[in-house]
Amino acid sequence: MEQIHWVRRRWQQLVAADSGRGQYSAPAALPTKSSPVLHNTQLLTGKRRTVIARHGRHKQEYHSISKGCQGNSIRTTKYSLLSFIPMNLFQQFHRVANLYFLFLVMLNWIPVVEAFQKEITMIPLVVVLIVIAIKDALEDYRRYRFDQKVNNNIVTVYSGKRQMYVDQRWQDVHVGDFVRLSCNEIIPADMLLLYSSDPHGVCYIETANLDGETNLKQRQVVRDLPRQGSELTPENFHSRIECENPNNDLSRFRGFMEYPSKARVGLHNNNLLLRSCTIRNTETVIGIVVYAGHETKAMKNNNGPRYKRSKLERRLNVDVLWSVVLLVIMCLTAAIGHGLWLRNLKDTSFLIPDTTSPALSGFYLFWTMIIVLQVLIPISLYVSIEIVKLCQIFFIQNDVDFYNEYMDSRIQCRALNITEDLGQIQYVFSDKTGTLTENKMVFRRCTIAGVEYPHEENARRLEVYKEDEAMGCSHTLKSRASAKSLSCKSLSCNRSSVSLHTLTGHSEGEESPSPTLPQHSAFSSPMEKDIVPDPFLVQKLNCLSSPLFLLRDASMELTYIVDFFMALAICNTVVVSSPNQPRHVVEVPEVSRTPLKSLEDIKMLFQRFGLPRFSTLSPPHTTESPRSFTRRLFSRGKAASFTPSPSPTPTKLGTEPDGEPNLEDGDQGYEEEGEHGSWKDELIYEAESPDEAALVHAARAYRCTLQGRSLERLLVELPGMGSLAVRLLHILPFDSTRKRMSVVVRHPLTNQVVVYTKGADSVIMDLAESPKGAEQSDGRQGHIREQTQKHLDNYAREGLRTLCIAKKVLEEEEYDIWLKRHAFAETSIENREELLLESAQRLETNLTLLGATGIVDRLQEEVPETIEALQRAGVKVWVLTGDKQETAINIACACKLLRTTDQLLTANCDSKEACKALLLELRTEVERGEAAEGTSGFTLVVDGHTLDFALQEDLKGDFLELSRRCRAVVCCRSTPLQKSHVVQLVRDQLRVMTLAIGDGANDVSMIQVADVGIGISGQEGMQAVMSSDFAISRFKHLRKLLLVHGHWCYTRLANMILYFFYKNVMYVNLLFWYQFFCGFSGSVMTNSWVLIFFNLLFTSAPPLLYGILDKDVSADTLIKLPELYKSGQNSKAYLPSTFWLTMLDALYQSLVLLLPLIYCDFLIFGQAYAGSDADMLSFGSPINASALLIILLHQVIESRTLTWLHVLVLVGSALFYFSFTLVFSVVCVTCSPPTNPLGVDKLQMSQPLFYGVCALTTVLALLPRFLFHALRNSISPSDTLKAALMDQLNPDNYCRRMQHWNQTQAQSKARGLIINVEDLDIKIPDFILPKELKECRAATGSVLS
């Protein structure tokens, strides 16, 4: 009982001391460690970190505690000078191909199976290892230079020896150090905030370097530290900090600080300053380092580029295994043949006597043939693929069409090895807000107390608004991706902010922006700010000074209106900055006033002011700017600017000490504004979300202006009342569970505790119960709810985003009870988030509904065209959004995802059984529609509740079958987890290539689950970008990324891989067929140097050029004919059948090459080798030359593009071979023992018959492939070939064909059918330069228009 009384007494002391200390209020003294009741909640479970001051009286304990803590030096390099060679070799030999060739090198050192010189066998492996090592070294050196730049930055750290703050490098900072930072300095390590020069203990940080968000975040000094009157003295800091071990959760920090008195105070995320963030608006802050270096949360999230295995690479690995099988079959055949040949050999006089049995000799030969035929396994293919992919990424990143001039950003390729997957996408899952739309929320209309205000003039403004005019302002927005920090000289800050590309890894050569440029303010374009008020609502506000205000109904409606705009102005976390210093927060003056207890007092206040009515104006002319119209509309009703009396006696705002209105001050205020303009019109709002900014700007349009913010107060200007200081008691922030946020304030007029809440309509409408009171009030609330719901439905049908606004007035006793529980939740160490959630839900009940807002979020440019192009390309587009069903359907129609000819299927179920029955019913309806003629397609719309049932194990099959038959699917009211589950379900069950695209943190899960994840660097930070494989700035870029670069990357890489297999198998077969003429002895008909260099040097450059520059269709044609993308979806360039046909072609070419040469040699040398001077090198010389010519000309036949660069490489490869063999045969005497190539190639190349044989075999080998292509392209040309032929049309024919295509496509839309490219009648005219082809683009127009 004593314990219970003790706890009760402590909470009573808390409430008595200050019942509303602010949003982070806490007890004056917390329970001590020995408190048995709270002891269990104050301990951190699991592993934790203890931090004490480095230069305090606990130095010995510090050294023992900090042994496991890392320093602040970062090292993103993989290697050092000493470790580079061993570590790089270790990593490279993780590849199976490298291990395989290392095994061959070691095998060749065994004398009984030795095939070549030991050194020669090592050459391919050594060359591959060296090339990759050089690439890794260059990349690591770039990281090293960046690390040095970061580690050598200077910061002010407290020195225990000198008893003062000194400059140190970042790398010399340790856990437990006290760091002092000034405005615009970047935080060097994760620090616990102990001191701020702000009198309220608040610090503002900008997290652009961390997550790309430019709006300011507020951080708070650890509670119950001494008041911020003087700077913290490190020598007097003897507290102990216990916190969780380093982790990568940016939004969570748990721990407690234990004072010398053993009292403990909880620590949370608002007390932590994260590395890479920038100090803003605060002159000085001091913190103690808790995580340093690689233990900081920023570095824990720095995972670097993402590595995935592409679909083509998985197919390649299967074919490599087939090559291994083929190699084993060849070697077994040779081993068995060698054993049989030895057993049947009668005359062995030419053999060295050997006691080895034929069986054992065959076993030895098996391993010898493994060495001889090693090139069948393409070791150089893996290196070539890496080089080609790097070049493809280079071309993608430097495509000027992906450059966003407004954001100064371009595409980012974060995954280096899945470029070809972009050409095989079958399903696209897209977020809506910020992905399909601008995420620039603009207030459109509202409903208050059941009355709808359409804001028609505001709608006309949005229709005619040209945002290009806004881009002419002085604000400059730099790339979020580059994470540049603009330095602003405010307060006493003289240091410039240096951007640390901790996460992006951009080059350090980029110049910093000019310090004189103002920082961009998020969500504050003129389109978002210049809202035109509704005249009818203005007339309502005119009634404040009208006799009608005395009527109860009129006064109650005005009360709703005032509360509505009050909620819009203060129910947020918006930071207000001054105009002359954009990053300097406007402080709230300490203003006290006599509270007004009743509505009559409020009415008397307006009447005593004697303010005239608002002007009733006609709608403004279109030539008048929205802001000037707003000023004119409120010109006569402008509130006076009052100055608080310097007298310590509390007075009403705008009155003299005797209580009389000070109208003279008001007149002066008007004149000042009319002559010079009001600085309030230039206030800068920095919001965490575009919704918040839109509502604050809307309230400001009605002169309900948020003028300043501090920790405990808000300064708000209301029409007719001037500036009011609103005491802020608590902020209950938005979370995805509650789907709402609330502020608890003490009303400036009535002194009552009021809760203002805004949130999703589905939540607020359920919480808006009738207040306790008269039946009249109950009836009024019922009417308001009914009318508001109708208006919400209308808003949703218009595609507007809706938010409901509500309030709740608390009795003092009710507030005291809630405050006790909430204070307990705030000070808890364990389960703090859960307790705060429960506390917020307990308060947000029985709300009084005030009204709702409709916010327009415009589609991005070219979104309908992009979606239509993707659908024509055979890509199914799903939209996964958290919006209402009506809003989602409206957006789907606007972006052409839902066509007018589509049949709309909706699934809204309340139970699992109903969901199962509905899915079966809808599936039956779809099957009937597919059987009927003329049906365009079906679009399925599923809400989040139904999606929960559909994703369950026993229903997901039915859901998947239904959705697979639909042309498009829209999932509304879906959670982030549901999004990822939908993507995973489609990917795994249908075995298709999926792409997920989003812009916010709620899209991260589905981006990571998809085969290809794309983040949009938009208005919601960089969380999606940092989790993505590719990052773009606009949704429209997806069209070219997939249809052009995806198509090119896939076809180029697939064709190059097939070509690699072809040339390797073709050359290896020559060696294999030769074994039939040499007793399966493992001999080769060429010297070992040429054999090794044939694939490594002579034929290595052309495939690279083939994979990098080959272009089957131009970019313009691929954009205009999206149907060409289907070839990549179906993997037509690289099918299993294509692989085996390539193998058969290589087999044929090797036979055609070898047999005629054998016949020709018989003709030349009469009796073959018996009794002649012809040797096997003379026999092999024309074989090598012919094989080289066949392989090079084979690529010419397969290439779709031939430029001077192709000719240069192909001719250069041939000349390189002939030059090398000639020089080798002239100067090399003992280079290839036991054979002697001296003069062999020189003699062969001097004979005309040598060239005749090479020409004959080349023609015979390539003739079937040439004829096959000619017949196929003439009889049944592919869509790709037809499109390529369109590129060769002269301008007149090109325009005519494209116009014909437009007409057929329009007819197909009307019929709901899809017309194939094969419907076009394309002839092959003479080739003309592509430049001339592009001149008719304006005449033809876009295919998608």
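Keep in mind that glycine also has a Cβ here, set from the backbone N, Cα and C atoms.
Residues or ranges marked as active site, 4-aspartylphosphate intermediate by TrEMBL: D431.
TrEMBL lists D431, K432, T433, E692, F734, K758, R801, T881, G882, D883, R973, K979, N1002, D1003 with the feature ATP binding site. N1002 (ATP binding site) is surrounded by 21 other CB atoms, counting those within 10 A of its CB over all protein chains shown.
What TrEMBL records for D431, T433, D999, D1003 is Mg(2+) binding site.
Feature annotation from TrEMBL assigns compositional bias 'Polar residues' to 513-524.
Under the heading compositional bias 'Acidic residues', TrEMBL lists 657-674.
Positions annotated as domain 'P-type ATPase N-terminal' by TrEMBL: 67-121.
What TrEMBL records for 1025-1277 is domain 'P-type ATPase C-terminal'.
The region 'Disordered' feature in TrEMBL is assigned to 502-524 (among others).
The region 'Disordered' annotation in TrEMBL covers 638-677 (among others).
What TrEMBL lists as transmembrane segment is 97-116 (among others). Outside the transmembrane segment (97-116), and at least 6 residues removed from its termini, the chain residues within Cβ reach (under 8 Å) are 122, 124-125, 128-129, 320, 364-365, 367-368, 370-372, 374, 377, 379, 382, 1082, 1088, 1091-1092.
The transmembrane segment annotation in TrEMBL covers 316-342 (among others).
Annotated transmembrane segment per TrEMBL: 362-385 (among others), in sequence order.
Within the chain carrying the transmembrane segment (1074-1098), a Cβ under 8 angstroms from the stretch's Cβ atoms is held by residues 115-117, 120-121, 123-124, 127, 334-335, 337-338, 341-342, 345, 365, 368-369, 372, 375, 378, 380, 1063-1064, 1067, 1154, 1158, 1176-1177, 1179-1181, 1183-1184, 1187-1188, 1213, 1216-1217, 1220-1221, 1224, 1228, 1231-1232, 1235, 1237, all 6 or more beyond its ends. Sequence annotations record features per position, and here TrEMBL assigns transmembrane segment to 1074-1098 (among others).
Among the features that TrEMBL reports, transmembrane segment is placed at 1151-1170 (among others).
Residues 1062-1063, 1066-1067, 1070, 1078, 1083-1087, 1090, 1094, 1098-1099, 1102, 1149, 1153-1154, 1157-1158, 1160-1161, 1169, 1210, 1213-1214, 1217-1218, 1221, 1235, 1237, 1240-1241, 1243-1245, 1250, 1253-1254, 1257-1258, 1261-1262 of the same chain sit 6 or more residues outside the transmembrane segment (1176-1193) yet have a Cβ under 8 Å from a Cβ within it. The transmembrane segment annotation in TrEMBL covers 1176-1193 (among others).
Annotation source TrEMBL lists transmembrane segment at 1205-1229 (among others).
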TODO: Six or more residues out from either end of the transmembrane segment (362-385), which same-chain residues have a Cβ under 8 Å from its Cβ atoms?
DONE: 95, 97-98, 100-101, 104, 107-108, 110, 112-116, 121, 124-125, 128, 131-132, 313, 316, 320, 323-324, 326-327, 330-332, 334-336, 338-339, 342, 356, 1053, 1056-1057, 1060-1061, 1064-1065, 1067-1068, 1071-1072, 1075, 1080-1082, 1084, 1094-1096, 1100, 1103-1104, 1107
Task: Those binding-site residues of T433, F734, R801, R973 having Cα within 10 angstroms of D999 (Mg(2+) binding site) - done: T433
- [ ] Go through D431, D999, the listed recorded positions, and name the one with the sparsest Cβ surroundings, counting other Cβ atoms within 10 Å.
- [x] D431
Open item on the list: Do any residues, 6 or more residues outside the transmembrane segment (1205-1229), come within under 8 Å Cβ-to-Cβ of it, and if so which ones?
Closed with: 1087, 1089-1090, 1093, 1097-1099, 1101-1102, 1105, 1109, 1181, 1184-1185, 1188-1189, 1192, 1195-1196, 1199, 1236-1242, 1245
Open item on the list: Checking the contact step here: among the recorded positions D431, F734, R801, G882, R973, which have a Cα within 10 Å of the Cα of D1003 (Mg(2+) binding site)?
Closed with: D431
Open item on the list: For the C-alpha pair, I'd like the distance in angstrom between F734 (ATP binding site) and D431 (active site, 4-aspartylphosphate intermediate), rounded off.
Closed with: 20
TODO: Note down the number of other Cβ atoms within 10 Å of the Cβ of F734 (ATP binding site), including every protein chain shown.
DONE: 20
Open item on the list: I need the CA-to-CA distance for D431 (active site, 4-aspartylphosphate intermediate) versus R801 (ATP binding site), whole Å please.
Closed with: 15
